[in-house]
Amino acid sequence: MEILSSLWSGFAVAALPINLALIFGGCFAGTLIGALPGLGPVNGVAILIPLTFAFGLDATSSMILLSAVYYGCMYGGRISAILLNIPGDEPAIMTTLDGYPMAKKGQAADALAISGLASFIGATLATIGLTLFAPMLAKAAIHFGPSDYFALYVMAFATIGGITGTDPRKTLLAAMLGLMLGTVGLDPSTGVARYTFGSFNLYDGFDPIVALVGLFAISEILFFLEERAHGGGLVPPGRVFPRFSRVREGLGASLRGSLIGFVAGILPGAGASLGAVMSYSFEKRLSDKGTFGQGDPRGVAAPEAGNNAASGGALIPMLTLGVPGSGTTAVMLAMLISLNIQPGPLLFQRSPDLVWGLVAALYLANLVLLILNLPLIGMFTRVLGLPAWCLMPLVVAISYLGVYAITHAAFDLMVMVGFGILGFVLRKLEFSLVPVVLGLLLGMDMENNLRRALSISGGDFTILVESPIAVTIYVLTIAFLALSLWLSRRSIVPTPS
Amino acid sequence: MIRKLNGLKAAGVAATMLFALPATAAECIAPADPGGGWDFTCREVGRLLSEQGLVDGNMQVTNMPGGVGAVAYANVAGKRADDAELLVATSTVGITQIAQGKYPAGTDAMRWLAMLGADVGTIAVAKDSEIQSLDDLMARLKEDPTSVVTSGSSGAGGWDHIRLLLLAQAGEVEGLDQIRWVQFDGGSPAVTQMMGGQVDLVSTDLGEIKGFVESGDIRVLALLSDQPVSAFPDLPTAKSQGYDVTGYNWRGFYTGGEVGDDDYAAWVDKLKTLYDSEGWQETAKASGLEPIWRGGEEFSAYVAEQEEQMAEISRQIGVIQ
């Protein structure tokens, strides 16, 4: 019961008034930052670093603040995804699939409550997993090599075809487009520039966040302008208070999503987006009766539980090995170093106060976020009551500000607008935008891992199927595809009624 | 830490954007996302400069990622060449890029202020590796250059790769271009992949993998420094084993090419004062840097010389023509 006593002393650290205040403030700021399109957890954490120096916070308090912001952002990203169909950050893209249709049906409050609760379940289960198994899981995760990661991405792409309601062929085409866009920039393994046309601004490729804001927010505005001309309307605010019966429907999905997300989070580099994608596609295969994509509560719960569990999981490689599991944890690691704490395998032994104080703070942050988020649902849904002449310019302004804040480059604003027009055209052609972003987001990591595997083997492709982990993943993928093929066959057979 | 962490695409917000800190004049551009070595250099030096009253108020840190520093280089050369309030963080990695023609201009386009410290190149294997020593490694590579899978946090032709090849060259290994090289998004991911048995060897900065040296999960075959480092006096250098190779990754600053001599000299003085302070000496050591000073003209000459050396090595290994 060493863990319990360590955790208990951790709570003693986290419950200091200053730390409680930081948890509360961090959660609140994080929720807002997460909700704004463009600004995500990485920015949120980076913004606060100078503040921790300015306040002269010690390492533990700083980490508590940053983690509260991190968790807060994961909660916040869903708000704009549900209300406006504009994901606040990358992992929230999956939440648009069912969250926005729910809002359109006047169930915005239900969707927010479901996603809030799912976030809580996902993050709390991940924190429990972190508490009990962190060192063990980290040891398992290091056996995951490049060919295994590649297999994991193959699995994610294999399941993308089914995640949207539209024609699977269009979905695959959209994912392909995303993959192509992902090849722009310096090739990481050789440093050769691809499709940059001599522009240094393209050397780092398209930032997924910029693409995301353009595709979703800007194209949404363009759509709105067009619909206005034809007398279309906004999303109705609907009920202000969520109904418990709807919320309950998402519970099972939350639990399943949490598990999948947690596993994706532990693997360094896979992260929250992959967690959300896998959780959603798994849940859709398991429970879809034609309601997914139309506003099914389970389609909101699964990805939200998944991405929040993944962010908890990402703290495991960070704390036990000093390896960033995501962009945000990379910033947090840099922060630790500048506070004279050496991250690495010895962190648990050397700084038990910091580690256990942080873990305890995570439990509290989750609770605070749930308490903070539920009463705010009424406020958030009222945003939809804003007149369009007020809401739409605000969305445009925030999009520009958020994107400019990422790179300070006017070039990226043009990229954003370009993606906005692309998004508008694709939606006109009835393509879903989600696979485009996923192609861009996951494609780069998929390619990197393929290249790494081939560098190791000296170009021999058999390395891809030599590892038992990879083979297992491929078998699961095939089984998954066969199952969905069988299910879709069966559903075509007309049911006598 | 210096290189881009892949997941870390979406970042870079100036501290003053959302929180109204006192108005500042001095600015430091970190040509990378938050969390990397250049970002660290800006933030730590900025913090110490304002703590010690060497700049008024807070130093503003701006992240300008892109093209391993090329975007910031082009920006400063084109728009802010005469901005005397501007520092830009860089390192050996930046010079490697310049030498390989991956920046819009050569080192002569900027004024080079100073370097404040350097991370030491490290060649390490897993603790249970069959490779026992540097000599053993060289013997294996001589027999079959493809027999050892090497890795680090830069792509092929990057500084981690080049300094390993320099070492192999000193060990008279033939067929340098046949040595297998795997790129990871940082030193610590490379080490964990090595612990998982995916690769055999890691070449990277000591500061990035310090934690694993302390925990005993990896065995250091050689440090690429002139002297043993103060934090780990027992780790052998390549030089002490008869291989005359060093591979530092220094951290320093440049400013625009049209900044006047007085302003230039004032920055060099400020940085020298900072370098001599206890605060910097401690910060540097804590982050695994060896404090090393080169400033002003001496530094400019050093940078120009290094640019030439890098270009020469890159040609030899076929990275550039």
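The backbone N, Cα and C atoms fix where each Cβ goes, glycine too.
For reference, TrEMBL has these:
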type	residues	note
DOMAIN	A:20-438	domain 'DUF112'
TRANSMEM	A:6-33	transmembrane segment
TRANSMEM	A:45-71	transmembrane segment
TRANSMEM	A:111-137	transmembrane segment
TRANSMEM	A:149-166	transmembrane segment
TRANSMEM	A:172-193	transmembrane segment
TRANSMEM	A:205-225	transmembrane segment
TRANSMEM	A:259-282	transmembrane segment
TRANSMEM	A:354-374	transmembrane segment
TRANSMEM	A:386-407	transmembrane segment
TRANSMEM	A:413-442	transmembrane segment
TRANSMEM	A:463-487	transmembrane segment
Best-contacting stretch, by C-beta pairs under 8 Å, relative to the transmembrane segment (A:172-193) and drawn from A:6-33, A:205-225, A:413-442: A:413-442
Positions whose Cβ lies under 8 angstroms from the transmembrane segment (A:205-225), at least six residues beyond its ends: 37-38, 40, 84-87, 89-90, 93, 96, 181-186, 232, 388, 392, 395-396, 399, 402-403, 406-407, 412, 415-424, 426-427, 433, 436-437, 440-441, 444
Residues from the same chain, set at least six apart from the ends of the transmembrane segment (A:413-442), whose C-beta lies under 8 A from its own: 90, 93-94, 96-97, 153, 156-157, 160, 163-167, 170-182, 206-208, 210-219, 221-223, 273-274, 277, 399-400, 403-404
Stretch of maximal Cβ-Cβ contact with the transmembrane segment (A:259-282) [cut-off: under 8 Å; candidates A:6-33, A:111-137, A:354-374, A:386-407, A:463-487]: A:111-137
Residues of the parent chain within Cβ reach of the transmembrane segment (A:354-374), under 8 Å, 6 or more residues beyond its termini: 6-7, 9-11, 13-15, 19-20, 23-24, 26-28, 31, 59-60, 63-64, 67-68, 71-72, 75, 112-113, 116-117, 119-120, 123-124, 127, 130-131, 312, 315, 319, 341, 347-348
Highest-contact recorded stretch vs the transmembrane segment (A:6-33), from A:45-71, A:111-137, A:463-487, CB pairs under 8 Å: A:45-71
Arithmetic mean of per-residue pLDDT over the domain 'DUF112' (A:20-438): 85
